[in-house]
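Reproduced below are the annotations present in Swiss-Prot:
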BINDING   8, 140  Mg(2+) 1 binding site
ACT_SITE  8  active site
BINDING   68  Mg(2+) 2 binding site
ACT_SITE  68  active site
ACT_SITE  140  active site
């Protein structure tokens with residue numbers, strides 16, 4: 001069994017989603033949001049994110065962490081803040097010796113919905129379906145669960161399927 005933590009980083013709200021994978025089947029463990037205080041400086045917000053991720057790592061002991069890659073914002077200041085939040089989340093996971101993988105928004109949508117330009121509500125719907133949830137989680141938590149699901153799909157990708165079948169190489173006849 002593998003426990004995967006998906007992280008949707010943000011300087012105000014960082015979503016997290018935990019799933020377990022066993023025999024190529026996934027199941028929901030937990031999800032939620034780490035909300036930072038509005039009235040503190042960026043450095044203290046980053047510490048809150050770090051502490052929140054460390055708490056999740058200590059409590060659930062995931063061995064693999066998946067996080068969304070940065071995409072270019074129209075506002076460079078927002079992109080920098082997102083980069084900081086992403087960085088401290090990665091450091092928190094790395095300090096617990098977890099394997100960390102990064103995925104683009106397009107890869108996540110393609111893996112979960114089957115369409116790389118899917119809308120957020122389509123992703124949320126598929127998260128509910130794939131994890132057999134009674135209702136949709138909070139927006140940032142649903143995104144984090146989608147990231148974890150994407151990682152599960154990618155780690156069990158085509159190359160592993162081909163390798164597990166024990167296919168033999170055949171010599172091509174001319």
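Every residue gets a Cβ built from N, Cα and C, even glycine.
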Rounded to the nearest angstrom, how far is the Cα of the residue listed as 'Mg(2+) 2 binding site' from the Cα of residue 8 (Mg(2+) 1 binding site)?
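About 6 Å separates the two Cα atoms.
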Starting from the Cβ of residue 140 (Mg(2+) 1 binding site), draw a 10 Å sphere and report how many other Cβ atoms land inside it.
23
Rounded to an integer, what is the Cα-Cα distance in Å between residue 140 (Mg(2+) 1 binding site) and residue 68 (Mg(2+) 2 binding site)?
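Each residue's Cα considered, residue 140 (Mg(2+) 1 binding site) and residue 68 (Mg(2+) 2 binding site) end up 12 Å apart.
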In three-state terms from DSSP, label residue 140 (Mg(2+) 1 binding site) for me.
helix
Which has the fewest other CB atoms in a 10 Å radius around its CB: 8, 68, the listed binding-site residues?
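Per-residue Cβ counts within 10 Å for the binding-site residues 8, 68 bottom out at 68.
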Could you check what DSSP calls residue 68 (Mg(2+) 2 binding site) once collapsed to helix, strand or coil?
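Going by the DSSP assignment, residue 68 (Mg(2+) 2 binding site) falls within a strand, counted as strand.
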